[in-house]
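A short worksheet on the structure shown next.
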Amino acid sequence: MKGKNPLRRQERDDGQTLWIQEVFYTLQGEGPYSGQPSVFVRTCGCNLRCYWCDTDFESSTWRPSLEDLLQAIDAVCPAFCDLIVITGGEPFRQNIGPLVETLLTRGKRVQIETNGTLWLDLPLSDRLTIVCSPKTSSLHPKLVPRISAYKYVVAAGDADPQDGLPINSTQKQDAEMRLFRHDGHVGAIYVMPRDDNDEVLNRRNRDFCAELALQHGYRLCLQTHKLLNLR
């Protein structure tokens with residue numbers, strides 16, 4: 001959306017109808033489940049505007065019922081695939097609670113990808129993984145204890161030399177904003193090269209992230225689905 005999306009508020013309804021951009025089967029390309037077959041559920045709308053974001057999460061007019069959404073997931077999910085990734089936009093902007101609970105009841109693993117600024121009550125389960133990619137200087141306090149991993153999107157040169165994490169705003173180009181720092185009590189910290197849609201810049205971003213991983217002990221995260229020309 002390149003920062004052109006409308007700012008959407010959090011919706012507090014019963015979660016029986018959701019605004020969905022798309023549902024598709026692919027390989028998870030990022031984070032702790034990278035390389036694993038998964039079904040992606042991309043929700044619509046976001047409460048932030050990241051100027052470099054390359055994802056479409058506003059063009060859909062599909063607002064399925066929970067039952068219809070579950071049927072759409074089943075239609076593309078092979079029997080052996082147990083990983084459902086809920087992403088966006090910002091998933092916590094809508095009430096995904098009933099969807100998550102139903103998927104967990106069915107024995108699925110659920111990963112939620114979030115910017116960390118919103119929260120809603122979700123069940124405690126070892127099959128629920130929340131991966132936070134901080135885009136702001138603070139996160140919702142109720143979310144922080146539930147975060148399984150952090151994923152920082154990094155461009156070449158954009159890192160604090162002390163901790164190797166970004167110091168520039170995601171909301172306004174060429175502005176500084178120290179992004180939220182993890183408290184150290186998480187399973188993994190990922191650094192992921194920003195996709196600038198330019199191979200020269202992207203190579204610099206990859207090399208820079210590799211150096212950060214080596215210097216600070218983080219895990220390098222590449223968008224392997226893009227390398228394979230997958231969705």
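For all residues, glycine too, the Cβ spot is worked out from N, Cα and C.
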Further binder of substrate named by TrEMBL next to LEU27, GLN28, GLY29, ARG42, taken from the candidates THR17, THR61, THR87: THR87
Candidate from GLY15, GLY89, GLY97 that TrEMBL assigns to the same S-adenosyl-L-methionine site as TRP52, CYS53, ASP54, SER133, PRO134, LYS135: GLY89
Fewest-neighbour residue among binding-site residues, criterion Cβ within 10 Å, set GLN28, THR55, THR87, SER133: THR55
Among ARG42, LYS135, the most crowded of the binding-site residues [Cβ within 10 Å]: LYS135
Close in space, distant in sequence - LEU27 (substrate binding site), Cβ under 8 Å, 6 or more apart: GLY35, GLN36, PRO37, SER38, THR224, HIS225, LEU228, LEU230
Neighbour-count leader, CB within 10 A, binding-site residues: CYS46, CYS50, CYS53: CYS46
Length of the line joining the Cα atoms of ASP54 (S-adenosyl-L-methionine binding site) and CYS46 ([4Fe-4S] cluster binding site), in Å: 13
